[in-house]
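As recorded in Swiss-Prot:
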REGION    1-28  region 'Disordered'
TRANSMEM  88-108  transmembrane segment
TRANSMEM  131-151  transmembrane segment
TRANSMEM  178-198  transmembrane segment
TRANSMEM  206-226  transmembrane segment
TRANSMEM  248-268  transmembrane segment
TRANSMEM  278-298  transmembrane segment
TRANSMEM  328-348  transmembrane segment
TRANSMEM  453-473  transmembrane segment
TRANSMEM  478-498  transmembrane segment
TRANSMEM  510-530  transmembrane segment
TRANSMEM  531-551  transmembrane segment
DOMAIN    595-658  domain 'CBS 1'
DOMAIN    703-768  domain 'CBS 2'
TRANSMEM  730-750  transmembrane segment
Amino acid sequence: MDEDGNLQISNSNYNGEEEGEDPENNTLNQPLLKRHRTLSSTPLALVGAKVSHIESLDYEINENDLFKHDWRSRSKAQVFQYIFLKWTLACLVGLFTGLIATLINLAVENIAGYKLLAVGYYIAQDRFWTGLMVFTGANLGLTLVATVLVVYFAPTAAGPGIPEIKAYLNGIDTPNMFGFTTMMVKIVGSIGAVAAGLDLGKEGPLVHIGSCIASLLGQGGPDNHRIKWRWLRYFNNDRDRRDLITCGSASGVCAAFRSPVGGVLFALEEVATWWRSALLWRTFFSTAVVVVVLRAFIEICNSGKCGLFGSGGLIMFDVSHVEVRYHAADIIPVTLIGVFGGILGSLYNHLLHKVLRLYNLINQKGKIHKVLLSLGVSLFTSVCLFGLPFLAECKPCDPSIDEICPTNGRSGNFKQFNCPNGYYNDLSTLLLTTNDDAVRNIFSSNTPNEFGMVSLWIFFGLYCILGLITFGIATPSGLFLPIILMGSAYGRMLGTAMGSYTNIDQGLYAVLGAASLMAGSMRMTVSLCVIFLELTNNLLLLPITMFVLLIAKTVGDSFNLSIYEIILHLKGLPFLEANPEPWMRNLTVGELNDAKPPVVTLNGVEKVANIVDVLRNTTHNAFPVLDGADQNTGTELHGLILRAHLVKVLKKRWFLNEKRRTEEWEVREKFTPVELAEREDNFDDVAITSSEMQLYVDLHPLTNTTPYTVVQSMSVAKALVLFRSVGLRHLLVVPKIQASGMSPVIGILTRQDLRAYNILQAFPHLDKHKSGKAR
């Protein structure tokens with residue numbers, strides 16, 4: 001961090017490029033493992049646009065005496081309440097996500113619609129300079145609102161939010177990411193940014209909004225106005241909140257694309273680390289509720305009760321009426337689309353990585369620089385969208401088409417702009433409209449001559465530039481729609497170039513181009529395939545869409561990481577990948593533990609003074625609890641106790657005058673499982689008198705007696721798979737052979753210890769051939 005608290009982004013290599021060779025690598029006399037420095041890490045990361053202190057979540061079940069008693073004593077009615085509440089909250093997540101998505105679409109379509117109508121009025125009167133001033137002024141005002149809200153009220157609302165959601169579901173606590181203020185700023189900011197014509201989508205923000213709704217419902221509302229309903233005590237834990245947020249993220253994708261199955265698969269393929277069949281059902285239920293809500297509002301809006309909205313804002317690029325015909329010869333252009341998508345997607349990721357580093361340097365200068373950067377991008381975007389159509393030639397209207405040509409309204413495929421009657425400006429049709437309508441226009445079918453090649457090249461080049469410079473400014477933003485716009489442009493260009501040599505409609509080429517670029521950048525296949533099928537409502541596209549997605553992902557993977565992985569790396573979020581690096585098999589957890597400070601342990605019945613000293617002088621979040629040695633059994637590892645539980649003991653002053661074990665009823669009288677699940681306790685709020693320092697605490701009833709342990713000879717690769725698969729926060733390392741007088745636990749590993757980048761800092765010669773992607 002610098003002096004102003006801004007995070008300095010790491011310069012470590014993110015795509016595994018070769019670095020300079022160390023001359024010691026060729027020396028046979030060097031030891032196999034050369035320890036360079038102590039294993040260490042930073043607990044800071046960017047959450048949205050805010051530098052935050054990062055901790056891990058407790059997804060593991062804490063099997064202490066209280067939990068076991070609570071589990072045994074639950075009645076059938078309580079079990080039914082728990083299950084019923086799970087499904088009720090899943091329904092409410094879908095309901096509120098659908099309602100808020102409709103609100104956002106209504107606002108965006110009406111604000112942008114009236115803005116474009118005003119601009120069209122001045123253009124029709126040949127008052128182009130006035131039209132430009134109105135267009136630019138409105139966009140600057142909307143951008144200013146979105147940016148100021150993010151910069152000054154909720155920095156965590158910046159960006160799409162999907163990388164932070166991935167991190168949360170991976171086990172990383174992202175502070176303030178799902179708060180009420182963040183959600184409200186995300187809603188209003190998304191409306192402002194998208195209505196301002198910025199090259200941003202509302203799809204990523206909707207995923208974040210759905211997750212915020214899920215988190216708020218699970219905890220009973222905002223922190224200051226939380227509902228104290230006793231049923232909600234069942235959800236006062238990280239495991240159930242994780243499941244709810246998974247439902248929320250799937251509902252957000254469904255609300256963005258009206259794709260219920262695609263939303264479920266997106267959550268499974270992209271954001272969720274841990275999955276099971278019961279969660280699949282609830283997630284699908286949430287997305288089904290979203291679709292019902294959206295369908296109901298579409299019926300209402302189609303009757304003209306939503307202003308300029310209609311059904312336009314609820315994205316549906318319907319090409320179901322298009323006859324899909326392709327033959328063996330079409331495999332060549334389809335393959336080219338996939339290859340182009342992979343190459344351009346990886347190139348886009350690489351360039352965006354550089355732009356985000358540059359923006360980080362600008363943002364470090366202060367809040368006003370963040371606002372000015374957003375306004376500068378908005379000004380550039382507005383001038384380009386309004387000015388570039390003057391470069392296009394006017395095209396005569398085709399009398400054989402059924403649509404009105406030319407048009408001067410807010411939508412339509414044939415905008416007149418500066419052309420005489422009977423002619424239209426094809427580039428204006430793509431630029432002077434909302435992003436959703438631009439995609440509909442470029443996806444239009446049975447219109448082989450609607451867009452000229454020059455206009456498509458200008459459109460493609462512009463949105464490549466806008467896609468790079470817009471993402472990263474301090475506004476809520478999504479990547480889906482900008483990538484769709486770029487991909488559909490080069491797809492349509494290829495279809496236009498093929499002309500009569502192909503049987504596939506140019507609009508379908510645009511769909512395939514959009515799919516290929518998304519796969520080349522985001523590296524998703526199954527979920528994207530289903531999303532595009534539900535988006536276009538044409539099942540006949542399935543075979544060639546699958547083919548294009550597989551090629552694009554394969555080509556993209558050969559160059560660099562996916563865009564969300566790159567953003568995770570830039571933000572410094574300690575995300576654990578599913579596949580360990582190959583060199584991790586050459587290192588054992590015992591050797592890794594040797595690079596850490598000695599483990600801090602507590603006795604089963606511990607003195608208050610010792611507990612206070614440990615909490616004051618360490619930042620560890622868990623401590624092994626040992627029972628004293630005797631001649632027959634030696635030292636026993638009783639379990640693991642969390643820092644939060646120690647703080648609760650001190651706050652409640654559950655002290656003993658003598659060193660003894662407590663009875664079961666004594667702990668139940670003082671604590672409940674619900675209290676132990678809360679995470680708000682802070683040691684700084686604890687005040688212990690000098691006389692209390694000499695008292696004792698029995699830690700046995702609050703200790704997790706079944707922590708996960710690994711023997712010190714296990715490879716780091718195997719330990720990483722276990723850590724990630726089970727969703728752990730702490731992993732105890734035990735000796736292979738416990739000698740007399742030796743501690744039964746030799747260390748604790750956390751997610752920071754298992755990150756490839758951190759390991760290579762302590763063991764720089766492990767990765768001799770740079771075979772992995774150190775993060």
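We number each residue from 1, going along the chain as drawn.
Every residue, even glycine, has its Cβ placed from backbone N, Cα and C.
Computed from a predicted structure; not experimentally measured.
In this chain, the transmembrane segment (88-108) lies in contact with the transmembrane segment (248-268); the count of Cβ pairs under 8 Å, excluding pairs fewer than 6 apart in sequence, is at least 3. Most Cβ pairs under 8 Å with the transmembrane segment (278-298) belong to 88-108, among the candidate stretches 88-108, 453-473, 510-530, 730-750. With a threshold of 8 Å between CB atoms, the same-chain residues lying at least 6 positions outside the transmembrane segment (88-108) that come near it are 187, 190-191, 194-195, 202, 206, 209-210, 213-214, 217-218, 235, 244, 247-248, 251-252, 254-256, 282-283, 285-294, 297, 301, 306-307, 309, 313-314, 434. Remark: secondary structure over the domain 'CBS 1' (595-658) totals 20 helix, 19 strand, 25 coil, with classes taken from DSSP.
Counting residues of the domain 'CBS 2' (703-768) by DSSP class, helix then strand then coil, yields 18 helix, 12 strand, 36 coil. Through the fold, the transmembrane segment (478-498) approaches residues 160, 199-206, 256, 333, 336-337, 340-341, 344-345, 348, 435-436, 438-439, 442-443, 448, 451, 453, 456-457, 459-460, 463-464, 466-467, 470-471, 504-518, 521-522, 563 of its own chain, all at least 6 residues removed from its boundaries and within a Cβ separation under 8 Å.
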